[in-house]
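Features of the protein shown, as given by TrEMBL:
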BINDING   Cys43, Cys46, Cys81, Cys84  Zn(2+) binding site
REGION    170-200  region 'Disordered'
COMPBIAS  185-194  compositional bias 'Polar residues'
Amino acid sequence: MSERKVLNKYYSSNFNPSKIPCVKRKENNSFEVRLMVPFHIRCETCGEYIYRATKLNARKEDAIGETYLNDIQIYRFYIRCTKCLREITFKTDPKNNDYELEHGATRLFQPTRSTPDEKEDLDRMMLLEKRTRDSRREMADIQELEDIIEFKNRRANIDLEQILNEKHNRQKQFEQEEDEAESRQAFNKSVSSPDQDDIQSEEVLMHIKKRKTTISFDQSNNTKQKARKEISSMIIRKKPASITKNIH
């Protein structure tokens, strides 16, 4: 079994490769190949779906007069529908790194390819968007930097003693204004109704005098009662001695 699978062949000593006749290949010669379908397609005749990576026998040939960059040859492939045997052709597309379906079927998924003009427009729009984003970011950074500098300047210029003095002065001024307002209000009352104030003051004085007289009268009564109690107690204490003398 191993002998028939050897890679090296035996060449005799008198072998001359120049004697082998040259076979000229035809210009548009086609030959059979085995390939896999590069994309999902649908047959235009019977509507059969042929999915990607389906293995089929195909016929390959050169696309005459079609090259890419004058160096890369473009090839055409012929396959048949698995149901109705309709011939379907597609060829290579080295420019887009893909295959191009020619006829016999429709491609189910067609990638979007932008033309050079569209690419230039897209590049310009992307460049403009990038510039606007950069400018907005730069403006935001500048604004943030200015805010930080202003905040630092505020903190640097803050003097606690000055703030406390200003607060004390404001409080003192507020108290003075309140005192002035109360004095004005009292002065306005005295000017508007002097008779009532005089009557009220006289009534207050009379009430005070009456209170003083009652207090003095009560005090005198209390002293008199204390004196009477002391006298009576002295009399009561002296009576037993006189009684004992009379008995003797």
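Glycine is treated like the rest: Cβ placed from N, Cα and C.
Whatever TrEMBL says is automated annotation, not expert-curated.
The most densely surrounded of the binding-site residues Cys81, Cys84, judged by C-beta neighbours within 10 angstroms, is Cys81. Those residues of the chain, other than Cys43, Cys46, Cys81, Cys84, with a C-beta within 8 angstroms of the mean position of the Zn(2+) site C-beta atoms are Glu44, Thr45, Gly47, Glu48, Thr82, Lys83, Leu85, Arg86.
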